[in-house]
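Visitor: Here you go, one structure.
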Amino acid sequence: MLDPSTAVVALRLKDATSWWDGVNESPVWQDRIFHLLAALYGIVAVVALVQLVRIQLRVPEYGWTTQKVFHFLNFLVNGVRCLVFVFRRDVQKLNPEIIQHIVLDMPSLAFFTTYALLVLFWAEIYYQARAVSTDGLRPTFYTINGVVYAIQIILWLVLWWKPVPVLIILSKMFFAGVSLFAALGFLLYGGRLFLMLQRFPVESKGRRKKLQEVGYVTTICFSCFLIRCIMMCFNAFEAAADLDVLDHPVLNFIYYLLVEILPSSLVLFILRKLPPKRGITQYHPIR
C-alpha cells in the first residue's frame, strides 16, 4: 500500500504531466504560445531598431560602426524570428523539408554572428589597451563565421540530397558546438576585459560602470550560449526535447525565452547608453 504522501506526490506529478500534454496538444494553446513568442521578438526588434536610429542621429558622421552593426543584426535576427513564429504553422508545411530547417536554423546562425561581433569588439579593446596589434582579429572573425556558415550550408545540402536521421543529429550537434565556442569566447575575452578593468585606479572615470557592464553582459551571454549548447544536445538525441515540431510549444517558449529573448533584452538595456558626439575613441568602423 502506498504511503499517503507518496500518493499525493504521484497525483500531482500526473496532473502536471496532464497539463503539459494538454497544452502541447492543443492547437489553440500552440497558436497562443507561438504568437506570444512572436510578440516578444517583435518588441526586442523594435527596441534594437530604435536604438540604432538614436545612435545614427547622435553620430551621423560615422559609418557602420561596430555598435551600429550590432544593433542592426539584433533587429534583423529578432525581426525574422518574429515572422517565423507568426507563420509557424505555414513553416511546418514547407516542402522540401530542408527549407523548414533553413528557416528555423538561419536566425540561430545570425544570432551567433551578432554576439560574436561583441566578442570581437571586446577583444579589440583588450589588445589595444595592452598595445598589441589587432590587425588579425577582424580577418579571424570573418574566417570563423565563414567556416561556420559553410559547414552548415554543406549539412543542409547533404540533408536535402539524403535526409537521414543521423545527419539531422549531426546538424544539431554542430549548433551545440558553435554555441559552446561562443560561450567560451565570452568567458575568455569578457573575463580578460573585466580583470583588466579591475586593475584600473579606483578613481578612474566610468570604471565602475564599465566594469559592471562587462561583467553583466559576459555572464548573460556565457549563460545563454551554454544553455543553448545543453538544450541542443538534448534536442539532438531526445525526441521529447525536439524544438522543431508544433506540439512542443511550452518547450519552445522556455528555450527561446532563455537563449534569445531574455539575453537580447538585457544586453540591449545594459548597452543602451549613446556614444558621445565628439572625440569617441572606442568607436570602430566595420571595414
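Just so it is clear, glycine is given a Cβ too, placed from its N, Cα and C backbone atoms.
A TrEMBL annotation is a machine prediction, not a hand-curated record.
If you look up TrEMBL, you'll see 16-287 marked as domain 'THH1/TOM1/TOM3'. Here TrEMBL flags 33-57, 69-88, 108-127, 139-161, 173-195, 216-237, 253-271 as transmembrane segment.
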Visitor: May I ask which of the stretches 33-57, 69-88, 108-127, 253-271 has the most CB pairs under 8 A with the transmembrane segment (139-161)?
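Guide: Going through each listed stretch, the top one turns out to be 108-127.
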Visitor: Using a cut-off of under 8 Å between C-beta atoms, tell me which stretch among 33-57, 69-88, 108-127, 216-237 contacts the transmembrane segment (253-271) the most.
Guide: 216-237
Visitor: Report, as numbers and ranges, which residues of the same chain sit near the transmembrane segment (108-127): CB under 8 Å and 6 or more residues beyond its ends.
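Guide: The answer is 66-67, 69-70, 73-74, 76-77, 80, 133-134, 137-138, 141, 144-145, 148-149, 152, 175, 178-179, 182, 185-186, 189-190, 192-193, 196, 214, 217, 221, 225, 260, 267, 282, 284.
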Visitor: Taking every residue in the domain 'THH1/TOM1/TOM3' (16-287), what is their average pLDDT?
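Guide: Across the residues of the domain 'THH1/TOM1/TOM3' (16-287) the model's pLDDT averages 86 on the 0 to 100 scale.
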Visitor: Other than its close neighbours in sequence, what residues sit by the transmembrane segment (69-88), given a CB gap under 8 Å and a spacing of at least six beyond its ends?
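Guide: Distant contacts of the transmembrane segment (69-88): 30, 34-35, 37-39, 41-42, 44-45, 48-49, 51-52, 55, 103-104, 106-107, 110-111, 113-114, 117-118, 121, 246, 256, 260, 264, 268, 271, 286.
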